[in-house]
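Enquirer: Could you have a look at this structure, given as structure tokens, before my questions?
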Amino acid sequence: MNTSVRNSARLLWSALRALLVLTVVLGVVYPLAVWGVAQTAFRGQADGSEVRVGGKVVGSALIGQNFTTGKDFAPDPKWFQPRPSAADAGAGAGPYDPTHTGASNLAVTGRPLTDLVKERKKEVAAFNHVPESEVPADAVQASGSGLDPDISPAYADIQTARVAKANGLSTAQVARLVVEHTEGRQFGILGEPTVNVLELNIALRQLAG
Amino acid sequence: MGPVTADVLQVTALVVALALVYRPFGDYMAAVYTSDRHLRVERLVYRCLGADPDARMRWPAYLRAVLAFSLVGVLFLYLFLRVQNHLPLSLGFAAIPPGQAFNTAASFVTNTNWQSYMGENAMGHGAQTAGLAVQNFVSAAVGMAVAMALVRGFVRSRTGELGNFWADMVRGTIRILLPVAFVAAIVLVGFGAIQNFAGWHEITTLAGGHQTLTGGAVASQEAIKELGTNGGGFYNANSAHPFENPDAFTNLFEIFLILVIPFSLTRTFGKMAGNIRQGYAILAAMGLIWIGFVTLMTWVETAHPGAANQIAGAALEGKEQRFGVGASSLFAVSTTLTSTGAVDSFHSSFTGLGGGIALLGMMLGEIAPGGVGSGLYGILIMAVIAVFIAGLMVGRTPEYLGKKIGTREIKLAALYILVTPAVVLVFTALAMALPTPPHSMLNSGPHGFSEVLYAYTSAGNNNGSAFAGLNADTQWYNTTLGLAMLLGRFVPMVFVLALAGSLARQRPVPATTGTLRTEKPLFAGLLVGAILIITALTYFPALALGPLAEGLS
């Protein structure tokens, strides 16, 4: 009995020492090594692909943000609008909150989401003065992260006339911006075509002056 | 190019990449586990822990080392999380409460990575890198070690010795996981994953609002999270978060990382067994199930049934625009057919049948191709069952790789396949029968039941993905899911190692004309059939109440 207790204790002590030495290698040296290479070779990416306008950071090219007015986060007609977002802690920071990421997790067969989608479809159609049949799915369904930086080219297209009017630009000018900021599938086959909302809106502001 | 063509080409690109590395990587892993040389850094580790890496272990000793290392891992991680507020780089986050700390420690040590916490507002940099990410490596290495012990059980004769756990675990970590993870992390950063130690910082957005951006050593954790089929996200949004998974290429790359070790281990198996074609038969069974599931999932998600999808015109709820339906379906299948559980899209908002496919993938026991190591030993157990069934049909004593599958062997294999379903179904039934646990459901009706069934299926099979509407941060779920993960990981390991010990003691029986040719396509087909039938018989009633009721209504 005594020897078996002693053997078990010795085994656990070995296991603890193994874990400690591996914690140093895998938990300290490894992330620091990756950090060192990343900060040397890919500084911009490693720090979050921050985008600057006039020297000031206005966000990350990878993280969607709100283009809204007021405390109730009403969409601002001057800007291209992103997808609905479930990243909202309900604590006043609104949607697109990187400290509270995630999806709605609602069932697509259930009433709550069905009603929500119906309502959004009506709102998006009215906001952009287009028929409901032209509203694409990404405009009425929330993303997985709640931080989706992209919309589909179709969603950008239905926003073009409204954005042009609100900024005193011609629809053709804004439509050209959308085309310039439309990315096809990566390497031709991966994922889906996208329009990065922040980058499009930055170009829009430059154009509108 | 249409979306269907693009989806097909995307899957083809992935298969080609996996095929290219299959041989060299599988052979490399075989060399790692059969070499008798120790690297200098490995000797240093062995000296630190005071164990002889050349000591040969029989199965009870091997098992004791696995359990001791895992027990210490759970206790250490539990304490680490309990005191994280005193650790460097805690970002001001509080200590993790006891119930959640137990759940999280059990989760990461069992390679499950179920998360009842929200990474970005609970875990500091210290807890993420030096606590959670360490277990991402070593829990994966433990799985591979146990798989190698079982392979040695088939290969060795009249011994009983299965190798040395410390050597297997350290080699798997240092020679396989660490170098690949390092390169992968750098690739991920190159495409936009972040790697910094910044805290929360507020910026003024383009429209003049405010947004709080977060920092972290994300790329280094993301790489091993996928490679080790762990799946615990740095962020709550997991691989849907653009800092974890910035674009469609990184998405495919992460799927590649998830699949590369489990698939390539079949080559390692064939190589060590001295017959590469035995490995190909196992690979064929795994690959057939995987491609079948990918096809079904992509088809049903593209068809987008469900009231909300029908109004919207597609199934994009919970999916990112840069991935779309095709890449999200591919990820969802790959993560649930392995023990990963990382998600680039949220399974709870998949179509009713799509969510059912994700559930079924886990219920197969995660063997197509399965978790690192656990996939190989899981499917080898099923192979034992399959030869047994075949043996019954022709009235011969079944053999696999020259070893007799006798009473003891078949008992151990049967016990193995009973453990996880028992854990899953008993806990699900309890959660549904008790008054409080159902309050955690977000959705009502069959989908609410699916949330609970999914949670225990995920925990019992060490997956970690969720129908995440379920509020799992309660005392009941933290405790029972923690127990389900521990039972679902370590009880099957006991049977695997006991089986390995029993096989290694036997003397090989020479192959005769009556021997079932387990390297032939016929056997691969029999194996797939056995897997599907056993799973269907076990889980059909539960599936009928949840996803089938939802998907067919």
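Just so you know, glycine gets a Cβ as well, placed from its N, Cα and C.
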Enquirer: Quick test of your reading of TrEMBL: among B:17-37, B:248-268, where does it put transmembrane segment?
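Expert: In TrEMBL, the transmembrane segment feature sits at B:248-268.
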Enquirer: Taking residues 6+ outside the transmembrane segment (B:481-501), which of them lie with a CB under 8 Å of any CB in it?
Expert: 58-60, 62-63, 66-67, 70, 74, 102-103, 106-107, 110-112, 114, 116, 146, 149-150, 152-154, 160, 162, 377-378, 381, 384, 409, 412-413, 415-416, 419-420, 423-424, 427, 455-456, 459-462, 472
Enquirer: Go through the chain and flag residues at least 6 beyond the ends of the transmembrane segment (B:176-194) whose CB is under 8 A from any CB in it; none is fine as an answer.
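Expert: Those are 28-29, 32, 137, 140-141, 144, 215-216, 218-220, 222-224, 226-228, 242-247, 249-250, 253-254, 257, 260-261, in sequence order.
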Enquirer: Let me check one thing: do the transmembrane segment (B:137-155) and the transmembrane segment (B:280-300) come into contact, meaning three or more Cβ pairs under 8 Å with sequence separation of at least 6?
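Expert: No; fewer than 3 Cβ pairs under 8 Å.
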